[in-house]
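Before any comments, here is the structure.
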Amino acid sequence: MSDLLQLRDVSLSFKGVKAVNALSFSVATGEICALIGPNGAGKSSLLNVINGVYRADTGDIVFNGARFGAIHPQKAALLGIGRTFQHNALFHRLTVRENVLAGLSRRGTATFLENIFRFGRDGAERRRFIDRADEIIAFLHLDRHAETVVSKLSYGMQKRVDLARALAAAPKLLLLDEPMAGMNQEEKQEMSRVIAEVNRSFGTTIVLIEHDVGIVLNLASHVVVLDYGRKVADGTPDEVRNNPDVIAAYLGTVH
Amino acid sequence: MSFFLETLITGLFAGLMYALVAIGFVLIYKASGVFNFAQGAMVFLAALAFVTLVEHGFPFWIAFLATAALMVVVAILVEALVLRPLRNRDSLTLFMATLGLSFVIDGTAQFFLGTDVHMLDLGIDDIAEDYAGILISHFDIVASLIVVTLVAVLAIVFSKTRMGVSLRAVADDTLAAQSIGIRLPVIWRIVWSVAGLVALVAGLLWGARQGVQFSLSLITLKALPVLIIGGFSSIPGAIAGGLIVGASEALADIYLGPLVNGSVSTWFAYILAVAFLLIRPAGLFGDRDIERV
Amino acid sequence: MPSGLLSRLDAPLLPIVAGLLVTFAVIPAMADDYWLSSIIIPTLVMGLAGIGLNLLQGYAGLVSLGSAAFMLIGAFSAYNLILRVPGLPLPLVLLISGLIAAAAGVVFGLPSLRIRGFYLGASTLGAQFFFEWLFSNFTWFSNDSQSLTISAPRLEILGYSLQSPLGRYFLAASVTVLLIGLAFLIVRSRLGREWMAIRDMETAASVLGIRVARRKLQAYAISSFFLGVTGVLWAFAYLGTSDAHTFNLDKSFQVLFIVLIGGVATIFGNFLGAAFIVLTPILLDRVVLAADLSFLGDQGALTNLQRIIFGAIIILLLIKEPDGLSALLRRARQAVRNRYAG
């Protein structure tokens, strides 16, 4: 299996504090890779480096054969990197459907004049967008809420809309930043099923951050453990489960 | 060369006055996150109230204290009638409210105190004297000493007193400050009062220079570029910004003005401020906001 | 076929026909010259200005404190186009003036690519002061007239004179109807949706691949286009004679008030806001006359009394009606509907 994403010696610091320290790992095409580690381990920062929200101080990222040190978030999206957010980053005054449609933006081909005056490529684009949005909305069982303004939805539903929005443009790589944060066990199981289903149905490679180790070890096929910006372990769930360093640094402590 | 220096120095003095108005903004912005457009109206109200009292025969200190008391009353009213009901609203709404407030304040001032232009004599001569071949007005020197003293007093108050510490706590983290028992309405009232007193001093100095009239309230518009250059939340920034704006505006008017057919002072500061924004978005001393995701 | 076109634009046919009837038949038949010249025309034109700013601020989330500068550019462009390009038909004059304002809007919108939020106000305030200075300092723009004023040319379309109040109303109303239609097309397009996405969460929009920089500049261009056309109407269809200071900071703030009072991210709300701005001074005048408050003093005192009341109403509206007058109207409509439904 080839690697879709490689990180090579990536470092990132804020005001002198290292958030990510000379980190290297690879994500194989089609796998679900989980990043785990205590708070402040640099997991979110790492996702932000991968899709260009932050700029790495040193190191390279290779995605789908393209190599870059820093990338603009829009460019990352165009290459096929999708992303959900830890804290609510939905377009809160738009409906569920509008959020998903906005997620399709990078698939747009019409100019703004075509879009406004509804000529040329606009008609086909409009139909394509609506069909795709409805497909994703149905896939994530959001049909009932399609016309609801997202700020009126429950927290769990909003997380699902965030996923739908990221999935809309059919990314090759999907970065999920704590998709199950703040959910109860039942909701977590449900979200976990949805993520596995996305991976299976669309063949999307997924990198996710999650604190609930039990869920992660069942869902992921590959686990990377971080602590203070460094890699502690990297392997299959079983390997990680039995790694003494991990047990000492992370799994042994109660969260 | 001496003409250049004179222009520069005159500009720096004017800049110190801009800074004085800008400091009023910074105080309020730090404590309540409000960009207070009514600061200029407060300057005008203070100057008009003071000059009216003096013209009715009250001695300087009585008039000064009475006007100071008036500014405190204004602060209490603003907190109760505008800030409290608009708590937790976005900054644009708050800005618009202070625009409405500026109408109310300068309308009230002129409704009760009239629309005439008043001369204000603080007993300081506005005569240029020769200092090492450079002509500098006596008034400018006294005025800048007053500004420096005021800033020093403010700095001491805000770094040494309990109230100052509370204010900084509110500016740093409003929620945390509230959780340790700091009462926001009290802080707001105090800060708006202090801003009112700063407005009073600014009103007297500006009023003595150009007469007490409605146009005083427009110095708000000079304070905005000052704040952008210095940063909205920094008093040293406001001073540095004021000096930069004052000096460059004076020089531009003399050296650039003739080339483009007249005074450029209405807009030069803004173009300068935008240039600053593009190079240093947070201003000289401000902090940069990073959007967390 | 028009109805086919409308359904393709997902526009409700009945309200549109009713609206057009009122605009082009009922109002012209009922309103006298005073109502047309002093109330209806300025309300329409300022409402359009509100739409211009609302597209930028309400939909794209970008701040502008200098709307009047772009109205000013439109007005002076139109004056010079008519003066220097003989025979240019009025619709083209309006279009080109709008495009010139749009170009200026793009230039003053450039800082929005680096800075956010309130700081943007500085750039647009810079535009306000710069253009007011430019058009009053270089007399070429006002054809070297002593008073620096520009006067409306003979307004005509296809040989029909539009000089009477009714003619000027038809001009303002036609442009208003067209631009309202355009505004709806914009906010219901991908462009409008991406503006709102940027407004709600810029980082997320960027991560999703929305071309944020391009969309922001398009917002400034389109907003300034609307304001430019509005400026032409204000100068020619409403005032007749104007100068650079007609479009001063007060006018910019009025446009801002219209947006906030009418309702952020609405189209028709702007006309409610505009009606408020136009009618309040007139009503206050009437009240002062009727209550015989002249004992209060001279005209200056009355002007200040109006200023106080106007300021107080604005604060009150901001406190009591966060979503603007259009929300009030929506609730009223809902209440009526519930009553008849129940």
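Here the Cβ of each residue, glycine as well, is placed from N, Cα and C on the backbone.
Worth saying up front: this structure is predicted, and the values here are computed from it rather than measured.
Sequence annotations record features per position, and here TrEMBL assigns transmembrane segment to B:12-29, B:34-54, B:60-82, B:94-113, B:133-158, B:186-206, B:226-247, B:259-279.
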Same-chain residues near the transmembrane segment (B:133-158), Cβ under 8 Å, at least 6 residues beyond its ends:
2, 5-6, 9-10, 13, 16-17, 19-20, 23, 124-127, 164, 167-168, 194, 198, 201, 205, 208-209, 235, 239
Sequence gap of 6 or more, Cβ distance under 8 Å, 3 or more pairs: do the transmembrane segment (B:226-247) and the transmembrane segment (B:12-29) meet that?
yes
Other than its close neighbours in sequence, what residues sit by the transmembrane segment (B:186-206), given a CB gap under 8 Å and a spacing of at least six beyond its ends?
17, 20-21, 23-25, 27-28, 30-32, 36, 39, 42-48, 50, 64, 67-68, 71-72, 74-76, 78-79, 83, 120, 122, 143, 146-147, 150, 154, 163, 166-167, 170, 212, 216, 219
Do the transmembrane segment (B:94-113) and the transmembrane segment (B:34-54) share at least 3 Cβ pairs closer than 8 Å, excluding pairs fewer than 6 residues apart in sequence?
yes
